[in-house]
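These notes are about the structure you will find just below.
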Amino acid sequence: MTTYEVALPDVSDFDIVDAKQMIRSVLRDRRSKLTAKDLSKYAPAFAETITEFVADAKTIAMYVSVKNEPDTYLALDTLSELGVRILLPKLGPGLNRMWAEYECDDLVSEAPGRPPSPKGDPLPAEVIEEADVIIVPALAVNQSGTRLGQGGGWYDRMLKQNVTDKVGALIYPWEFVSNSLPYDEQDVRVPWVLQPGTITKVEDN
């Protein structure tokens, strides 16, 4: 499989909302072409990258991958066995997104269309302040750290609360782009890009 940068459409004539949706459509289509063999091939390299990025952190926050996202399951198991405290998103009262601590093999599905989450009680949003490392999903990141997510905005709101600068977005090689990406005041740039076998510090702005 080639890993060249994905070709993104020219969205300069569109407003930010429409521009983001057009680019997301291209990126989702590219991911939809990944086969089970492709996903299995990339999984160990993603786990290696995540483990290296976490290094000696005591508490980290990350997420559970779904469908054709970069795999996080291998890394979750590896880090759990190493004794790292792992915070994962969990639905709380009123379907509010909160956090819970991951214990090996304790993931359950709590709502249709949502990623599995730990069985334990939800922890308040403020627990993110205890994380030494944060790993977030993305559809693309550019060379200035602009991150394009799925559009819910939860990770951007969460990142405004965090107190660590060791934040990495996990993407496939072709999703680290040279294009400018649509960006508004609600978006939070990420300082690190995590690809299979590669950790990149983006340019400061």
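Placed from the backbone N, Cα and C atoms, the Cβ positions cover glycine too.
Going by TrEMBL, these are the annotated features:
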| type | residues | note |
| --- | --- | --- |
| BINDING | K20, Q21, M22, I23, R24, R147, L148, G149, Q150, G151, G152, G153, W154, Y155 | ATP binding site |
| BINDING | V64, E69 | substrate binding site |
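Where TrEMBL records a feature, it is marked here on the structure.
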residue: K20; record: ATP binding site; DSSP (3 states): helix
residue: V64; record: substrate binding site; DSSP (3 states): coil
residue: E69; record: substrate binding site; DSSP (3 states): coil
residue: L148; record: ATP binding site; DSSP (3 states): strand
residue: W154; record: ATP binding site; DSSP (3 states): helix
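Each of the binding-site residues M22, V64, L148 was scored by the number of other CB atoms within 10 A of its CB, and the lowest score belongs to M22. A simple way to gauge crowding: the CB of R24 (ATP binding site) has 17 other CB atoms within 10 angstroms, across all the protein chains here. There are 21 other CB atoms within 10 A of the CB of K20 (ATP binding site), with all protein chains counted. The number of other Cβ atoms within 10 Å of the Cβ belonging to W154 (ATP binding site), over all protein chains shown, comes to 15. Long-range Cβ neighbours of Q150 (ATP binding site) (same chain, at least 6 residues apart, Cβ-Cβ under 8 Å): R24, P137, L139.
The distance from the Cα of L148 (ATP binding site) to the Cα of E69 (substrate binding site) comes to 14 Å. Annotated pair G152 (ATP binding site) and V64 (substrate binding site), C-alpha to C-alpha distance, rounded: 16 Å. Between M22 (ATP binding site) and V64 (substrate binding site), the C-alpha separation comes to 25 Å. Counted over every protein chain shown, other Cβ atoms within 10 Å are most numerous around E69 among the binding-site residues E69, G152.
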